Amino acid sequence: MSFPLHPSLVNGITKGNPSFQGGVLKCKCSTSPVTVTLRSNVAHNHACGCSKCWKPEGALFSIVSVVPVDKLEVTANGDKLAVVDPSATILRHACTGCGVHLYGRIEKDHAFKGLDFVHTELSDEKGWQEPQFAGFVTSIIEQGFDARHIDDVRAQFESLGLESYDALNPPLMNAIAAFTAANEAKA
């Protein structure tokens, strides 16, 4: 059984170019689109099943990655951006015209502060880092997906060469745990 994981995964995974230097993300508005320029490749690219990330219509997962804050610049129509949920840890800046999330930034003290979350599918350039894993897989159940088929979803990711996790991958979870431990030691 096959499920609509994400449009960019339909034909398998296209390898990125390790020397790729970035490009422009653009919202879906046909006139006056918001553009964001990334001056580096991304890291930790992954399929995300959480309920907060922007997903293309019909997709079960988003494809999201990070870039250093100083490598991201809103380059056109930034006045159309608004934070989706000001109480969230990741402040997702979405276009008020089309609803697409252009970037997410963490302002409070967090292991990932200094990294912006982005969706490279919003770019026409080729060479972005390919997805590395699938995270928050069981979160799609909370959004209405039939739990009886979650193992089929995991198998579909496995067929693409991606490990699936119910949180982030171990290196990212280790970073969060180390950050938490260091902060608790200071208290």
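Note that the numbers count up from 1, one per residue, in the order the chain is shown.
Including glycine, each Cβ sits where the backbone N, Cα and C put it.
Computed from a predicted structure; not experimentally measured.
Here's what Swiss-Prot has on this protein:
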DOMAIN    20-166  domain 'CENP-V/GFA'
BINDING   Cys27, Cys29, Cys95, Cys98  Zn(2+) 1 binding site
BINDING   Cys48, Cys50, Cys53  Zn(2+) 2 binding site
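Projection of Swiss-Prot feature records onto the structure.
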| residue | record | contacts (Cβ under 8 Å, 6+ apart) |
| --- | --- | --- |
| Cys27 | Zn(2+) 1 binding site | Pro33, Val34, Thr35, Lys80, Cys95, Gly97, Cys98, Val100, Leu102, Leu122 |
| Cys29 | Zn(2+) 1 binding site | Lys80, Cys95, Gly97, Cys98 |
| Cys48 | Zn(2+) 2 binding site | Phe61, Ser62, Ile63, Val64, Ala134, Gly135, Phe136 |
| Cys50 | Zn(2+) 2 binding site | Ser62, Gly135, Phe136, Ser139 |
| Cys53 | Zn(2+) 2 binding site | Ser62, Val64, Arg92, His101, Phe117 |
Binding-site residues: Cys95, Cys98 - member with fewest neighbouring CB atoms within 10 Å:
Cys98
Give the helix, strand or coil assignment DSSP yields for Cys98 (Zn(2+) 1 binding site).
coil
What average pLDDT is reported by the model for the domain 'CENP-V/GFA' (20-166)?
97
For Cys48 (Zn(2+) 2 binding site), just give me the three-state DSSP call.
strand
Number of helical, extended and coil residues in the domain 'CENP-V/GFA' (20-166), per DSSP:
26 helix, 51 strand, 70 coil
